[in-house]
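Visitor: This structure is in structure tokens; I'll ask about it shortly.
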């Protein structure tokens, strides 16, 4: 019998992809946390998947990985919530500034022009980390280099996470994430 | 004290004149719900463009309806957060400008705090003008401190302990979706439209009426779906994303039986709720009204029980409801049921003052202004403002 593989990385012309199956919400958060710990200023993370697929759950973990102490909840109503990560020990040693997290939710927007009108683009090239839920509602807007994550429902608690990285920075990020992730998906 | 309040934090543009924080002289709202209905929610850029066009006529109408001149006003107030930056900017700028031009004291108001103060507004006419000192004292009909406030809207679900004017302690909040947001999303999934709260309440009422007519138990009928409730015991926090997802799967199972899920199973077979939805569809047409009733009950159940528990633990005299979801009749009735046996008073604003309005802004401003607070012209909008909780 073939051993079930939970983590699978493939590399293909400038983009890398990785598929992970999370058994439950707490594991989805831990995967998010592992990614959050690797992020740096200017990073763009796009999330997609239907209602209840775990986008906000994943982002909560990601925020924890960035040492955000505030409660992260759904930004659907306000479209954008800003958080400030507190300084980790590593950052203090290297005198780095704490990172801002910009948590977007485009659920209610159908027209990418609305996002341009709102001035959201300024954030995407700014000094914090941008996480965008329902990124598919503005497909043509995103720069070529980004990390795209599609979440889908397998059953009540199980979720499939497909990571697609484009550009060198994000491919390296994904490779590092894969290394850190074995421990999580084995638990 | 006569205060003009201006509100433009989200999709409404409002102005109101209120005496002594309680008595309404006028309350004007230009609603944009019809425009936003098309988008399934508020679209900020659309909102602020509409507000710029509406604000001056709205303010003028509020003064005219109150039969009050600029000279009669004692102060001007406007919302400065939380909300959408572009929308807030419209009301705050107009408020500050009018205060400067007319040489009146100005106060920026926290929109969330104002939702609480909607409980101080009343329908009866203003008595003969009071001295400010008298108006500041507790009056018959005012909520009694200490109290528990349940703040429930599209963006908030919080249980707050209020010991005195301005003294807020956060006891619990949502960990994911706000109650109003879950109602909006599920309403969209069920095809009932925006805003979701009233739409779901209407459908739920239909189901309940139909069962009463047939002398059957609606409770028994909707329990077929066994919707999950996140109690998060030992905390006053909420979580509504689980019940939202269960509803989505129920609807998917009931309506989407033909599509094949990626696992190779029929799409309706992948969770307990998709299977439940499919069974409901096979037994006849899926009963959307009954689903709406079950969903509303699941949300109201958790809100009411946790609020009652907080009221007991902190031994308060009164519970107040604040925010758009406070308009929900099922929640009001259930809260009354929970609190009456304990002798704890319950109040909620009249329906018009649950949703965003300018009267509550003028009310909140009164209590701050009476204590001598003022804001300068440098006050800026704060889209992410929260209640000023004690640490």
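Placed from the backbone N, Cα and C atoms, the Cβ positions cover glycine too.
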Visitor: Per TrEMBL, what member of B:352, B:356 joins B:111, B:115 in binding Fe cation at one site?
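Guide: Candidate listed by TrEMBL for the same site: B:356.
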Visitor: The substrate site in TrEMBL lists B:151, B:152, B:153, B:154, B:155, B:197, B:328. Which one of B:167, B:184, B:209 belongs there according to the record?
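Guide: Substrate site check in TrEMBL: besides B:151, B:152, B:153, B:154, B:155, B:197, B:328, the record includes B:184 out of B:167, B:184, B:209.
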Visitor: Roughly how many angstrom lie between the C-alpha atoms of residue B:151 (substrate binding site) and residue B:115 (Fe cation binding site)?
Guide: 8
Visitor: Specify the secondary structure state of residue B:153 (substrate binding site) as given by DSSP, simplified to three classes.
Guide: coil
Visitor: Tell me the Cα distance separating residue B:111 (Fe cation binding site) from residue B:155 (substrate binding site), rounded to the nearest angstrom.
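Guide: Distance (Cα to Cα, whole Å): 12 Å.
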Visitor: List which of the binding-site residues B:154, B:155, B:197, B:328 have a Cβ under 8 Å from any Cβ of chain A, in sequence order, or say none.
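Guide: Only B:154, B:155 pass the 8 Å Cβ test.
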Visitor: If you count Cβ atoms within 10 Å of the Cβ of residue B:151 (substrate binding site), leaving out that atom itself, what do you get?
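Guide: Result for residue B:151 (substrate binding site): 25 neighbouring Cβ atoms inside 10 Å.
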Visitor: Validating a neighbour-count step here. Other CB atoms within 10 A of the CB of residue B:328 (substrate binding site): how many?
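Guide: I get 28 for this one.
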Visitor: Same chain, not part of B:111, B:115, B:356: whose C-beta falls within 8 angstroms of the C-beta centre of the Fe cation site? Give them in sequence order.
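Guide: Output for this site, in sequence order: B:7, B:9, B:10, B:79, B:112, B:114, B:118, B:153, B:323, B:357, B:360, B:361.
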